[in-house]
Amino acid sequence: METMKSKANCAQNPNCNIMIFHPTKEEFNDFDKYIAYMESQGAHRAGLAKIIPPKEWKARETYDNISEILIATPLQQVASGRAGVFTQYHKKKKAMTVGEYRHLANSKKYQTPPHQNFEDLERKYWKNRIYNSPIYGADISGSLFDENTKQWNLGHLGTIQDLLEKECGVVIEGVNTPYLYFGMWKTTFAWHTEDMDLYSINYLHLGEPKTWYVVPPEHGQRLERLARELFPGSSRGCGAFLRHKVALISPTVLKENGIPFNRITQEAGEFMVTFPYGYHAGFNHGFNCAEAINFATPRWIDYGKMASQCSCGEARVTFSMDAFVRILQPERYDLWKRGQDRAVVDHMEPRVPASQELSTQKEVQLPRRAALGLRQLPSHWARHSPWPMAARSGTRCHTLVCSSLPRRSAVSGTATQPRAAAVHSSKKPSSTPSSTPGPSAQIIHPSNGRRGRGRPPQKLRAQELTLQTPAKRPLLAGTTCTASGPEPEPLPEDGALMDKPVPLSPGLQHPVKASGCSWAPVP
């Protein structure tokens, strides 16, 4: 029976489509349980999923009082390259407030160009990426969630990642405390997986949309092989150079080299969750504010034990897996300590059986969390550190207990020094823009008692991805900025763009279509 259940689980979402979930108010109460439910439906196979909160929920009463938050080190993202293959690095700019940044983002020089739809804007992005470098207000430590927001508050998700601080006394900003990102048109994040191949969650608080691209985890190694061929100098210098977050590869190049991927656009008021070893990239459509943090589940532990590490020191963020294995995999702890744990990660296997109802998981999840001493943690790190404001003197920074692990930079992949804080509000509610599903997404409405107990989730069939001959309209991939420091290795001369495709990568020209995964079309 268990074998049959396992096979049924693997059959969920065989095309690796990005799935969209609409939890009810009740289903939204337990974050850990809902992530398990999403995986039981196969959401993890895409590497990325969208969650649209219930209409009764809100992250924050008002955003009217955030203009004086200080962006201490805005970063100008400079890209070089051609034919859909770029590198990106940062130039530090002078500090500015969020209000000043918003004004800059909406100025004639940096504003979003006129466009007919998202696809038209994507074409403009890739055609003009190397010109007029945008400025990103990234890696700002803090949260915009109100303290009284109990569900899906990124300041205290209460997942097993809390063991990192509880058992090891380690706090890494951006990993187990939230980061804020203030974006403008063309600000980007390059192809990467999360540090230690953790999960991540991103909430778009306000502003213009964010487009995401993702390669299914079961095809991540194919992207790595292609990146090594396209960036041979970086590959020779570091075995895990994609962790530097400098490599920009367009969807056209991915398609020409047979790399399966998907695309979706996130709008204000929506969550995106990335799954372990899901390579992702993307760009912002205009001024916006997002918040992100990593988290973990029991399914991640084997990923963490096998995660690649930056070997050159440019972007090394790591921590011991000891507490996670000792507490959550006690039967394998001794083998793991001796280096004899031969577990193999199964990218297709979900965390819980697909037949297990969402409503019956509470008695399984809660006792386990209680046994570990996990709870909905208050944002103690936030309360001790007020926001850095432009006119405020004597701003305090919360002391991080990281031993030799400095703060990681989510944008550049480098380790940097700690920064500060969090803010809360209490005014009128803000409106949440309506959302529109992406072209390759499944809509998931989990069943509940009111709509018919035990009824399987409603699914709107996704547009199937095929290995068609490229059409005229390009499908795009996103990018991020690299850290300040040495400039990227030389690429083909600047100026040529996606209309001149790069040669196909040897050995990847005629890939065998893997079981159950989709192939991204150029619409």
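Numbers run from 1 along the shown chain.
From the backbone N, Cα and C atoms, a Cβ is placed for every residue, glycine too.
Residues or ranges marked as domain 'JmjN' in Swiss-Prot (evidence: sequence analysis): 18-60.
With a 10 A radius on its CB, Glu26 (polyADP-ribosyl glutamic acid) counts 14 other CB atoms from all the protein chains. The polyADP-ribosyl glutamic acid annotation in Swiss-Prot covers Glu26 (among others), and the record cites experimental evidence as its basis.
Marked as polyADP-ribosyl glutamic acid by Swiss-Prot on the basis of experimental evidence: Glu27 (among others). The secondary structure of Glu27 (polyADP-ribosyl glutamic acid), as reduced to three states from DSSP, is helical.
Annotated 2-oxoglutarate binding site per Swiss-Prot: Tyr136, Asn202, Lys210, Lys245, in sequence order, evidence recorded as similarity to another entry. In the three-state DSSP reading, Lys245 (2-oxoglutarate binding site) counts as coil.
Mean model confidence for the domain 'JmjC' (146-312) is a pLDDT of 89. Swiss-Prot lists 146-312 with the feature domain 'JmjC', giving sequence analysis as the kind of evidence.
The Fe cation binding site annotation in Swiss-Prot covers His192, Glu194, His280 and is backed by sequence analysis. Counting Cβ atoms from all protein chains shown, His192 (Fe cation binding site) has 23 others lying within 10 Å of its own Cβ.
Taken from Swiss-Prot, the feature Zn(2+) binding site applies to Cys238, His244, Cys310, Cys312. Secondary structure from DSSP puts Cys312 (Zn(2+) binding site) in coil.
The region 'Disordered' annotation in Swiss-Prot covers 407-523.
Feature annotation from Swiss-Prot assigns compositional bias 'Low complexity' to 428-440.
When the Cα atoms are compared, Cys312 (Zn(2+) binding site) and Glu26 (polyADP-ribosyl glutamic acid) turn out to be 47 Å apart. Secondary structure of the domain 'JmjN' (18-60) per DSSP, as helix, strand and coil residue counts: 16 helix, 8 strand, 19 coil. The Cβ neighbour count for Lys210 (2-oxoglutarate binding site), using a 10 Å radius and every protein chain shown, is 27. Distance between Cα atoms for Lys245 (2-oxoglutarate binding site) and Glu26 (polyADP-ribosyl glutamic acid): 38 Å, as a whole number.
Taking Glu194, Cys238, His244, His280, Cys310 as the binding-site residues under consideration, the smallest Cα distance to Lys210 (2-oxoglutarate binding site) is found for His280. Apart from the site residues His192, Glu194, His280, the chain places the Cβ of Phe189, Trp191, Thr193, Ser200, Thr274, Gly278, Tyr279, Ala281 no farther than 8 Å from the centroid of the site's Cβ atoms, the recorded Fe cation location. Rounded to the nearest whole angstrom, the C-alpha distance between Cys310 (Zn(2+) binding site) and His192 (Fe cation binding site) is 12.
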